[in-house]
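One structure is given below, encoded as structure tokens.
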Amino acid sequence: MERLEEARKRLEEARRVAVLTGAGISKPSGIPTFRDAEGLWKNFNPLDYATPEAYARDPEKVWAWYAWRIQKVREAKPNPAHYALVELERRILSRGGSFLLVTQNVDGLHALAGSQNLVELHGNLLRARCEACGKRFPLPEAFAPPPFCPACGHRARPDVVWFGEFLPEGAWERAERAFAEADFALVVGTSAEVEPAASLGRIAFASGAYLVEVNPEPTPLTPLAHLSLRTGAVEGMALLLPPSPEDQAEGHLS
């Protein structure tokens, strides 16, 4: 309990906050994770669906899988953990601080919840990217895969980062800078196994940030964390960011 109180106090006083989220934060919204016992990679081989080589071999198969995932995402809604991070951003910015949320998720739920200072490190399922001209465009509610580019008419691919691909231009630099400069770093719902995102917590710790981890299972970050909340994202965020009387009166975190 002492450590939790210390973490709350540090968060209240923090001026530069960086947050990393993974699949665990969207699990309560009904979005499958990848690596736990019920995760996507238990039933699907990532080499068959999430690599440039898989797409080159069988784009129809890959698009059919992504169309299924897109449908799951469109049915999902942000959960209290997403909204808690929106509220945290509001609090930090209202006192003149800086805030950046970096997510490995491609479901778009952080943006839907209202997060503003956001880096989608691995792209977004609800967008496509032209294979020829590189134009990114939102996918319509109903589309027959594969979609085609509205600018040049060429076939488009999912606008996500596959295994073996580079991150979106500028995304990593922005994320790395925020964690290197943070005085408080929060890592929520990630196994901390996928690089380079997994290194962000280590970067923050090495730079002197107070590091908090929220995850049901231990991760490689656990030995470094000043506080590890061994619980789910919704419960962990409620512990870390309880509503103030003012927030309750104004309807924040509802």
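A Cβ is built for glycine as well, from the same backbone N, Cα and C atoms used for every other residue.
Features as listed in Swiss-Prot:
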- 1-250: domain 'Deacetylase sirtuin-type' (DOMAIN)
- 22-41, 104-107, 189-191, 215-217, Ala233: NAD(+) binding site (BINDING)
- Tyr66, Arg69: substrate binding site (BINDING)
- His122: active site, proton acceptor (ACT_SITE)
- Cys130, Cys133, Cys149, Cys152: Zn(2+) binding site (BINDING)
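Feature annotations (Swiss-Prot) mapped to structure.
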{"residue": "Gly22", "record": "NAD(+) binding site", "CB count, 10 Å": "26"}
{"residue": "Gly30", "record": "NAD(+) binding site", "CB count, 10 Å": "13"}
{"residue": "Arg69", "record": "substrate binding site", "CB count, 10 Å": "18"}
{"residue": "Gln104", "record": "NAD(+) binding site", "CB count, 10 Å": "21"}
{"residue": "His122", "record": "active site, proton acceptor", "CB count, 10 Å": "20"}
{"residue": "Cys130", "record": "Zn(2+) binding site", "CB count, 10 Å": "21"}
{"residue": "Cys133", "record": "Zn(2+) binding site", "CB count, 10 Å": "12"}
{"residue": "Cys149", "record": "Zn(2+) binding site", "CB count, 10 Å": "19"}
{"residue": "Cys152", "record": "Zn(2+) binding site", "CB count, 10 Å": "13"}
{"residue": "Pro216", "record": "NAD(+) binding site", "CB count, 10 Å": "16"}
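In sequence order, Glu131, Ala132, Gly134, Lys135, Pro150, Ala151, Gly153, His154, Ala156 are the residues of the same chain, not among Cys130, Cys133, Cys149, Cys152, whose CB sits within 8 A of the CB centroid for the Zn(2+) site. The 10 Å shell around the Cβ of Ser26 (NAD(+) binding site) contains 27 further Cβ atoms across the protein chains shown. A C-beta separation below 8 Å, combined with a sequence spacing of at least six in one chain, links Tyr66 (substrate binding site) to Tyr49, Leu125, Pro145, Pro158, Val160. Between Ser26 (NAD(+) binding site) and Arg69 (substrate binding site), the C-alpha separation comes to 13 Å. Within the set of binding-site residues Arg69, Cys130, Cys149, Cys152, the entry lying nearest in space to Gly22 (NAD(+) binding site) is Arg69 (CA atoms).
If you take the Cα of Gly30 (NAD(+) binding site) and the Cα of Cys133 (Zn(2+) binding site), they are about 34 angstrom apart, rounded to a whole number.
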